[in-house]
Structures are given as structure tokens and as C-alpha cells.
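After the C-alpha cells below, expect a handful of questions from me.
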Amino acid sequence: MTRQAYEAVVLGASAGGVEALLYLFGALDSGGCRLPLIAVQHLPEKAQSQLAEILAARLKRPVREAEDKAPVQPGVLYVAAPGYHLSIENDRSFSLSSEAPVNFSRPSIDLLFESAAHAYGPKLIGVLLTGANEDGSAGLEQIAQYGGLTLVQEPAEAAVACMPLAALQRFSPDHVLRLRDMAELILRLEEVHAE
Amino acid sequence: MPERTAEIELRLLLEAIFLKYDYDFREYSLASLRRRVQQALRQLECASISELQARVLHDPAGFMQLLQYLTIPVSEMFRDPEYFRGLRQHVIPLLRTYPSLKIWVAGCSTGEEAYSMAILLREEGLLERSMIYATDINPLSLERARKGIYPLTQISGFTRSYQAAGGASTFSDYYTAAYDGALFDKSLRDHLTFADHSLATDSVFAETQLISCRNVLIYFNKQLQNRALGLFHESLCHRGFLGLGSKESLNFSSYGKQFETLLRDEKVFRKL
Ligand SMILES: C[S@@+](CC[C@H](N)C(=O)[O-])C[C@H]1O[C@@H](n2cnc3c(N)ncnc32)[C@H](O)[C@@H]1O
């Protein structure tokens, strides 16, 4: 079996997501993960504008709100800006857009995932976590169709199981994992490749 | 791989549109364009992008329908009120020194931003000596902008933003309500010129003191952003002002050094 050189991790979460993200990112940081992490976390607009700050206060790695046309850089955690969709272009830079909300959400996880699937193909890891809606499952399936690795939080562990369950109903992701095991897997995949 | 084929089809479609209609979408951000073409496929009931291409090439009305997807014809009055408040407090005082003013609202869509600008200038006593050029590439949007009629359902949101933007009067003074539309005042309209102009293919048409181009550049790739910023730089007078959308910047363009930041959060820049 050939190993993919993964180049980025995209993550989506909704209700209960901030805690889950903090746990996962903390574990990835401790393990020395250098992959860029790109996250959409649904929140009310005001709270969303503070997300980068909240995460930065608790994490070692640099945290930034993804800016239009900024290149994706290793070792950085990017969060989506409130009120705009976040996409990744084929040249691995970000683009924002103010199209209508998708799945009642802007930013939408599906849109980030679909564009990332195009940009990274099999070199992408997609992660769908706790949440009370169905955003992200179509995008995660697209990541799988483009050969990327798909990880879904174990519904029993998720604060709200709806989002992980929606993905499981839609297709068979590569792994259904608890957060701790998810972090371990990502670190191991990165390490295998570094060797 | 099917996605490769779709990518080729998309490029061919953009090329066909350019050759046939002179609209140049070839340097737009692909991610968003791809999605909007997918939406158009569903709405126009085409099975593939190639089918859409054939349709568009042979039927100008079909192209006009597609154009509604390719452009993002959404806007609001006093969108991001802090932007307009910033202009009022920090730019207007400097604009007072000019005997006459030319202002360019680029990518004006259905006109809301241009009317907001006109209201702001009226309240600051500058409208009488101002001409606002508001440009876009979507003829249907421009037509609606010229009419200056907006759905009454939107008025309460506009009113809130107007107040948050530091509105000095009563918003209802600026329109008359009829049926389900609010018709904006003719005396504002007299200082607005709506015109077809593309940041992708056209050149500078006037020397201006202030350019407002909001939520347009995010749809362009880096090269096209640079082209548009080049036009703005050329059009602006010495020390002229440039306002962008709340998540837009000059950081990743080649014009970062040719403007200084006047208001960081409100995204107002000044030509050096
Ligand atoms: C999302 S709207 C922004 C409207 C308004 N400026 C605002 O912020 O509310 C984007 C507008 O840019 C226009 N646009 C797209 N490409 C353009 C181009 N090449 N030149 C001029 N306008 C363009 C579209 O037609 C659309 O009306």
C-alpha cells in the first residue's frame, strides 16, 4: 500500500465544536503536527469573529482568520471569517465569497470541503465533528471521491451526534474515531510520511 | 477522472463566453465560479457544462440567465455600517477641500451602495458638488439600480444599518413608499450615473477622489485583483481614497506599497 503525503487537514464542526476542536488541536500540537489545519466552526456571527482569539489563547500554534488570497502555510491553524464562505483555490490560497448561505450556514463546511477536495485531491484529510445539522457530509463525501482520507467523530462521543450521523448515513468514511484516536492517527500518518 | 473533464469544460465555457460576448471571467476565483456554474446547470436544466456552453453560444437570452449566476447580484444599503461611519468621520472632512468631487462605486450591483454614498454626501453637504459613477457588468442589475426601487421588506434592515452608520436624519426622508417598493429620491438620483464597465476588460474613465469597491475583488484571482487595483490607482487623484469590503485587503496584491492604510478595520486606504 502506498502512503499519501498529506498536505492539509480541513475540519468542520457545529454545536459542541469549540471544545472538540480545542481538544483535537491541543493533541495535534503536543504531537508536533506541522500540517496546516483549516476549520469551519458554526457560531453566531459575533462569536465567530472571536474564535481565532479564543483558540489562539489556548494553543501553541499560530491561529489566523483565513484572509482572501492568503497562501495556506504549514503549521498554522486557520479559521473561517464570519459572514463569508471560505474556499481553497487550486493554487492553495484562500478565497472568500458572500454568496447565499448553504445549509443555512455561511461559512459552510460543505463549501470548504468541496473546494479543498478539488485543490488537494488525495493529499487531504477531512474531519467532521460534533454538530446539530447536516452541513459537511456532502463535502466530506466529495473528499472521499477525490481520494482524500475521511475521518468522522464517533457519534457516541460527540456532544451532538447529528452531524457525524449524517455523514455515516451518506457514505462510508475511512474511520469513525474518538478525538484522541483521531489525533493519534493524523500524527502517525504525518510521521510515516516524514520518515 | 470526471472532475478533470468538468474543469476542462468550465474553462472552455469561460473562453466561449469571452469570445462571443466579451465578458471575461477567465481570471475569477475558480472555487466560487465552479459552484455558481453548478447551480446554473441545475436551474437551466443542462446535464453538463458542455451542454450549457452550446446553449449560451446560440442563445443570448440564455447567456443573460447564466450571467445572473456568474455575477453575485446581492447588496444592501449601508452594508457594514462601520465602513460608512468611518468614511463620514475620517474621509468626508478631507473631501471638503475639493471644489468638485468624482466618486466611483465599482461593482455597484443593484445600486444600494451608490445610494448609500449619495445619502452620506447629502447629509454632509457635499452631494451638490459631487458626481457618483456607479459601474457594473450586469445589465439587469444596472437597470434595477437606475430605477432606485427596493423591496419594502428590506427597508427595516436598511434603516437599522443607516442609523448604525451614523445617519444624521430620518431614513424615510429619502424614499417614498408605493405598493411593495420604496422609491428613492430623485434628487439623489441626479448625482448618480450608472454605467456598464468591467474591471476585467475596460480602462479608466475619469479622475476620482474616492473609489469604493466592496465585495467584488474577492471574486477575482490575484492577477485580476491587481488589474483592478491598477485601474483604481490610475483613476485616483493624488492622495485619493480607496474603500474595500470588510474582508478585503491589499496584503496579497502588488499595490500594498502604493497605498497607506487610513482605517484598518474599515478597510479604507489612501493613495501614496
Ligand atoms: C456581491 S456584489 C457587491 C455589491 C456591492 N458592492 C456591495 O458590496 O454590496 C458583486 C458585484 O460585482 C460585479 N462584478 C463582477 N465582476 C465585475 C467586473 N469585472 N467589473 C465590474 N463589476 C463586476 C457583479 O456584477 C456584482 O454586481
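Cβ from N, Cα, C; glycine included.
No curator has checked TrEMBL annotations; they are predicted automatically.
Quick paste from TrEMBL:
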- A:Ser14: active site (ACT_SITE)
- A:His42: active site (ACT_SITE)
- A:Asp135: active site (ACT_SITE)
- A:2-193: domain 'CheB-type methylesterase' (DOMAIN)
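How about a rundown of where these features are and what they're close to?
Within 10 Å of the C-beta of A:Ser14 (active site) there are 25 other C-beta atoms, taking all protein chains into account.
According to DSSP, A:His42 (active site) is assigned to coil rather than to any helix or strand. For A:His42 (active site), the count of additional Cβ atoms within 10 Å of its Cβ stands at 25 [all protein chains shown].
Within 10 Å of the Cβ of A:Asp135 (active site) there are 28 other Cβ atoms, across all protein chains. Taken residue by residue with DSSP, A:Asp135 (active site) is part of neither helix nor strand, so it is coil.
For the domain 'CheB-type methylesterase' (A:2-193), the mean pLDDT of the prediction comes to 95.
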Can you give me the Cα-Cα distance between A:His42 (active site) and A:Asp135 (active site) in Å, rounded to a whole number?
10
Measure from the CA atom of A:Ser14 (active site) to the CA atom of A:Asp135 (active site) and give the result in Å, rounded to a whole number.
9
